[in-house]
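According to Swiss-Prot, the protein carries these features:
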type     : residues                                       : note
BINDING  : Gly566, Ser567, Gly568, Lys569, Ser570, Ala571 : ATP binding site
COMPBIAS : 33-43                                          : compositional bias 'Basic residues'
COMPBIAS : 298-307                                        : compositional bias 'Pro residues'
TRANSMEM : 78-98                                          : transmembrane segment
TRANSMEM : 114-134                                        : transmembrane segment
TRANSMEM : 146-166                                        : transmembrane segment
TRANSMEM : 191-211                                        : transmembrane segment
Amino acid sequence: MTRSLGDLARGRGDDADDFDDFDDFEEEISTKPKARATTRRSTRASTEDVYEEDGTDSPPRTSSWGRAGTFMDEHADGIALTLVGIAIVLGAAVWLGVGGPVGTFIADIVHLTIGAGAWVLPVALIAAAVALMLNYTPDPQSRTRVGIGGSIILLCMLGLIHLFAGNPAEWAGRKNAGGAIGAWVGTPLELGFSVYLAVPILFLILFYGALKTTGITIREFGGFVTGFFGFGAGAEDDDEEGDDLYGHVDREIETRASGRALPAAEPRPTRVTPRRTTSSTPRRAAASLDRYPADEPGTPPGPPPSVAPTGSRERKQTEASTSIEPALFPEPERRKPSVSETDEFPAVKAPETPAAEAPAPAKDSARDAVAASRENLRQAMIQRSGMDPQGPPKEEPEDNPGVVVSDGDSTYVLPSADLLIPGAPAKTHSETNDRIIEAITDVFREFNVDAAVTGFSRGPTVTRYEIELGPGVKVSKITNLQSNIAYAVATENVRLLTPIPGKSAVGIEVPNADREMVRLGDVLNAPATVDNLDPMLVGLGKDIEGDFVSYSVQKMPHLLVAGSTGSGKSAFVNSLLVSLLTRATPEEVRLILVDPKMVELTPYEGIPHLITPIITQPKKAAAALQWLVEEMEQRYMDMKQTRVRHIKDFNRKIKSGEIETPLGSKREYRAYPYIICVVDELADLMMTAPKEIEESIVRITQKARAAGIHLVLATQRPSVDVVTGLIKTNVPSRLAFATSSLTDSRVILDQGGAEKLIGMGDALFIPQGAGKPQRIQGAFVTDEEIQAVVEAAKVQAEPDYTDGVTEDKGGDSKKIDADIGDDLDDLLEAVELVVTSQIGSTSMLQRKLRIGFAKAGRLMDLMETRGVVGPSEGSKAREVLVKPEELDTILWMLKGADPADAPKEEQWGDDGYAEPVGEGPGDGSDDSSSSDGTTVVRANPAGGVF
């Protein structure tokens, strides 16, 4: 609807459609030149409007295209669903080859008709169905034009495919080319001309079909190309105001709001803008705003504008302005006015007339209509922007300087890093550095090595001296002098780095005589650490160049820490835990602490981040690791059901409300916190239950990264029986403190270097994906600092322990078959190997498990009796009857446990309701019902609450 602002100001309430017209005007003002989606009523509405305004009795003529459009409008959904069904059948038959006899027959017909076009036909049908579902029905003229242009494009494309395929004469070749249609188009052109002329001719016709489909000319296409590549950017900016259909209304509103007089009316160039009617009510002729004076007290309203009779000429213009299809190249999008910009235009209040000067009844009705119109406008602005233009401005919220994390009803204040003691300023140079430079230079001079010290980087523990070699000098000459350099600088802990990463120089690392202590407070208060909002970022220390080093546990994602007694391993564990307490809330990160020594992690007892009290017994530690495995499996099942790949995406969807409980399910989804399990001494656990501990660690480190579960394994005895090959393979990040031998260094780092460290926090750190270790000085935190941070966390919340974490779930109902005997561990390994590789070979078991032929044959017989593999087929490998996704269930059964206790996932039943996999109706084992009837299902059978 097009109605002038003067009509609104005069309150023209002569019929019931005035306020509907006002709503349309308000919508058009707010959405200015944006193209709107056309409804199925638009074409018929514009035709009916013209018919009513014309006043004639003859109904509008309807063409065959119009009748077809009416039929499509009435049956759009049915046609769309039919197209979707055809597309599914074609896609299954053409793409996947699973269409069955009927689908294959249909696919053959389509291939014979359009050849390679059958591959894209399902996509085209889906696009047409979506267009029908979105109510996109062009006017009859556009249908004719698009139909002709699309047919031309289709014929040309099939002809080109036929020619590019070499003009096959056999139908088998035409099925993969352009089909019968492509041969019908391409073969005559090639016979009449040649392939070198037929291809350009088809491209020209194809270009004409594109112009026909889009409805533009070549000149308009050239203008679009120049504008697209930036040649017409200036002209487009200059004409921005002219493109705005309602720009003059905005200027008049600003003029009236400021109280200035309106300027003289200027002729406005006519511009036909492709717009569609959004209302079926008849449109009135627009009256210029300049014909009405400003609203001032005592000013009588002017006469209403006269509406010229609508003749055939104006009817045609109305049809042209309301029924033109949307523009092919839309105008540049303009941003909507913000709330602050909207508030700059105060609403014009109706003037108050004293009782002595009561206007005539006509004036009263007009002012009532004006007041109603303005009130509607104000309500619309409140609804759109959320602010009242006539109301008082909202107060700005005050900034809260504290670090407060709010989650629902609980508000947790992170302990401040200011509780930690800051360190002394770092030194950059000392007399010792000059003396060592002279000593290294003398060694090079004595052995006639063309090399020189070009610089050094002083760290808190060691200083790295950069050696630049002369032309033709081998690096091996420097490495062969390692013992002589150590003798010259009077220390045995000299480490050579060949070369320094990122530099063309050899590094010689010499310990500092005056070591510096790195405080954890300095690391956590470093700008790079403060700017990083990752709650799992931990402070490691300071590198050899004097920069603070921090790293996220999520990126590790599992860490192996090793070092001899007094090397700084326990200090690092304390730094890690204090870092987590100062950066993460209990809702974000939960902890499982395993302390076989019973004294290292005692200060952290009672913090709200704990899932279970600090574990000191190895048997309970093994049960806790098994609980982590079950928790990991349950999380993966939930992520599978919600179709996410990482716990971050799952929590984001939970908080935004995108994940809803399936119909009929009693499960209540909650956001999962990250879980970090810290084992202070792995050697004690491996001595007690090595098989169970290793199996749980391997499963967690292999799969738990995306589930938000991370392991930090520390040991002071990095031998091969503690840090096994499977554990090393699946723990990518390593932190090595000083070790007692080169063998231990190779176990933890797969290379030497840790035996050269000087202890007391000196470490080599290899994060995931790094090629060479980075030497750092670990951060130190005192017992008083630990106590202060722990108390700040404990006073805010009590620990919410989870039941069943440390319960031994293996000795209750396990009944191992008698024929298995003591071979259960070997049988489990054999089953996992066979099911994973899908090869049932006895010789493979011999090689992989390093067992004899007799035992391998016995294991194969045991697997045959339990349905894992089929019977023997002579020299051929046996058939594997268990799929890889069924491995966990078969292992669970072989251990003698009840299969019903295995982790379950929910799937959709036949009746449309969610049912747990493997449970019958009415089987609800661990459900707990609340007073309001809501049943919360625990996340895993061990009793986890996440």
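Every residue, even glycine, has its Cβ placed from backbone N, Cα and C.
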Practice problem: Let me know the DSSP-derived helix, strand or coil state of Ala571 (ATP binding site), please. | Solution: helix
Self-check item: Close approaches to the transmembrane segment (146-166) from elsewhere in its chain (Cβ under 8 angstroms; 6 or more beyond its ends)
Solution: 114-117, 138, 173-174, 176-179, 181-183, 185-187, 189-190, 195, 198-199, 202-203, 205-206, 208-214
Quiz item: Mind checking which residues reach the transmembrane segment (191-211)? Cβ under 8 Å, same chain, six or more beyond either end.
Solution: 148-153, 156-157, 159-160, 163, 167, 185, 217-218, 221
Quiz item: Near Gly568 (ATP binding site), which residues of its chain come within a Cβ-Cβ distance under 8 Å, counting only those 6 or more away in sequence?
Solution: Phe737, Ala738, Gly759, Met760, Gly761, Asp762, Ala763, Gly778
Practice problem: Enter the number of other CB atoms within 10 angstroms of the CB of Ala571 (ATP binding site). | Solution: 21
Quiz item: So among the binding-site residues Ser567, Ser570, who's got the most Cβ atoms within 10 Å?
Solution: Ser567
Quiz item: Taking each of the binding-site residues Gly566, Lys569 in turn and counting other Cβ atoms within 10 Å of its Cβ, which one has the fewest?
Solution: Gly566
Quiz item: So, in DSSP terms, is Gly566 (ATP binding site) helix, strand, or coil?
Solution: coil
